[in-house]
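Report on one structure; see the data block that follows.
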């Protein structure tokens, strides 16, 4: 028997097997893309793609906002108190805080399982039961905006989320102040920031030195520091108003608002020249705004003129207040006045 002639290769079968193999590879790739996994085909499983993280972070802020709006339509917000702030104001929490946290934190971790996410709220499983998570959707970035691919070591990345900024105002139905925020810090530096207003559906985002949302591209800011408009928190406006006039002059205008995210947006949108906060504040309240201001040429610092570090190994509390301006020159001029006065610097 000639064994060489007993083995025949069916060319049609080889083609079919090849096509089947290609289909399997395509399925695995597309499944990976849809579910947002960033590691399966990476040469280094400890790297994370910051472009994909930007996309996921925008989606997290927006989907958290859906939960906030949904709860706002209910009769009972299930408001509770977490105690008093240092200024003596009530520090409330609602179902909206918890449900937004569920979708934002769990949605990011489902896409990026190794990601370090630091949130204002802890997960409460009863609020998470029927929350709809999201898949990575590149269409959240408009075609007119060019966003590069960049990979960094995932251990260098910390994500700070605020699932509902301005909860007190939310309970008062002052929805213009309410935002959901995500901030990506790389080596402690605020690098990507997203501030989303759920009730207007406006999302402002920036990636430092890389890309800006369309609303930020053509903004221009006045370098005149002689006519300050200082925006401060509603919860401790009285003393700050008086002291601001003593520092910045009698012609200084002081306006009040709720929510750190909202106040940063007012500075960005030229409705205020600076945002001043004189007491301690949590980093998830300010990280996104810090990142956006840095991306447009502004600056946020504490009242000692030190950069705020957003690293997982640092305290979540920033104890030394903050000054934020959309131009670094404005920030420099104002912080100099504050430090010379020594009114807010302890």
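Heads up, the Cβ atoms here are built off N, Cα and C, so glycines get one too.
Annotation source TrEMBL lists transmembrane segment at 12-29.
The Mg(2+) binding site annotation in TrEMBL covers 120, 162, 164, 165, 285. Residue environment of residue 165 (Mg(2+) binding site) contains 28 other Cβ atoms, counted within 10 Å of its Cβ in all protein chains.
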Whose Cβ, among the binding-site residues 120, 162, 285, has more other Cβ atoms within 10 Å than any of the rest?
162
In sequence order, which residues at least six apart in the same chain have a CB under 8 Å from the CB of residue 164 (Mg(2+) binding site)?
64, 68, 94, 96, 97, 100, 170, 178, 180
Quick one: which residues besides 120, 162, 164, 165, 285 have a Cβ within 8 Å of the Mg(2+) site's Cβ centroid, in sequence order?
161, 163, 166, 167, 179, 180, 181, 259, 260, 261, 282, 284
